[in-house]
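These notes are about the structure you will find just below.
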Amino acid sequence: MLNKKELIGGVLLVSGTTIGAAMLALPTITGLAGFFPSIILFVFYWMLLTYSAFLMLEATLFMGGKTNIISMARKTLGFPGEAASWTFYLFLLYALTTAYLTGSSQIMQDMFQAVFGLDLPHYAGVLPLLLVFGYFVYHGTKAVDFVNRLLMTGLAIAYFLMIVTLFPEVKTDNLKHTAWKYLLISNSVIATSFGFHIIIPTLSCYLNRDVKKLTLSLLIGSFIPLIIYILWVFVSLGIIPIEGAFGIKEGYLEGENGVHLLTGILGNNWLSMIARFFSFFAIITSFLGVSLSLQDFLADGFKVKKTPSGKSVLFLLTFLPPLIIMWLNPRAFLTALEYAGAFGVMTLLVLMPALMVYKGRYIDHYSGEYQAPGGKLSLILVMIIAIGLISLEVITKLGIINLATLI
């Protein structure tokens, strides 16, 4: 008999890992294409990332006992797969940490301006987050778990209040805007918004490798964020205009998040305060989870013991590189999310699971408790899509396709 309590726990674990600060960027990067074209892209990436999650589950169940992406790659793809996983995992975590530090700086600048009338410099906006919440990361998992429960509750309440209160402000004419060519801009960040796969090995232990609970948790847990994202984009694109001050175009070029644009349009009132609280909780919950994962990954990879001096070294290794990137690039919030989606998510969470399952299933003939739907053709199609999307981003970053000329 299906244990509903365990299933709900699994669903919430997947949804909680999926929903994060990347959703703050969604209005900015989808607004140029328009609401309805963006819905198609949301559904496409939900289907692609959910299917690759099933592949990751199959690869996880190839292994006995506790496992992780690195050990799965080592078993199925050998040293090249292990090295690639290590590299892209580190890249993804650093890119996301950079994005969240930059996003928090923007929120602090907005709050200081609204409450105290003070203009914080770009480099100083991040310091409150780093000093207060970096403390919990420094002290490890138990400290982070305690504060994260409170923040996740705040995030859920703030999201509900924001959707309900902003709904009457929606102008349906804003939602009629359609420009398909701008979908190219949205690819990477939307991909990042559906990345929850690193939790699958932990989830398989939590649910005792029960295939029915695991597959339902992945399916329902990923579908909830899809609905949440669509509602969020509906409300925000119904309020934020394309042109003008605090418009979508200005926001994209300046690297602003959607909440910053909303608060600029709505003015300094209680509606904008709800939006600010929502963005604060979204950034902090994502920041805690990702930076803790990065710190633990660095400790394991470089064999750093968690003594006071060791934790100080880990703290610097975790936060100093993202801080430098953030200070050098004011647009780092969107840029880091774009890089994370294009190279981290597509390589580590889409291409690698397909490669691991193909080799494990058809070459090494591993068999676990679960086999994802589809055969060789499905796996090859996923690989082609992943390589195509990565190649598209490489071409864009090299300037062969210049996104700036589209705007």
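Even glycines carry a Cβ here, placed using N, Cα and C.
A TrEMBL annotation is a machine prediction, not a hand-curated record.
Computed from a predicted structure; not experimentally measured.
Per TrEMBL, these features apply:
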type     : residues : note
TRANSMEM : 7-29     : transmembrane segment
TRANSMEM : 35-57    : transmembrane segment
TRANSMEM : 77-100   : transmembrane segment
TRANSMEM : 120-138  : transmembrane segment
TRANSMEM : 150-167  : transmembrane segment
TRANSMEM : 179-206  : transmembrane segment
TRANSMEM : 218-242  : transmembrane segment
TRANSMEM : 270-292  : transmembrane segment
TRANSMEM : 313-333  : transmembrane segment
TRANSMEM : 339-358  : transmembrane segment
TRANSMEM : 379-401  : transmembrane segment
Stretch contact, the transmembrane segment (270-292) with the transmembrane segment (35-57), Cβ-Cβ under 8 Å, 3+ pairs:
no
Considering only Cβ pairs under 8 Å, which range in 35-57, 120-138, 150-167, 218-242, 313-333 makes the most contacts with the transmembrane segment (379-401)?
35-57
Among the recorded stretches 77-100, 150-167, 339-358, which has the greatest number of Cβ pairs closer than 8 Å to the transmembrane segment (35-57)?
339-358
For the transmembrane segment (7-29) and the transmembrane segment (218-242), check the count of CB pairs under 8 Å (sequence separation 6 or more) and say whether it reaches 3 or more.
yes
Quick check for me: are there 3+ Cβ pairs below 8 Å between the transmembrane segment (218-242) and the transmembrane segment (120-138), leaving out pairs under 6 residues apart?
no
Among 77-100, 120-138, 150-167, stretch most in contact with the transmembrane segment (179-206) (C-beta, under 8 angstroms):
77-100
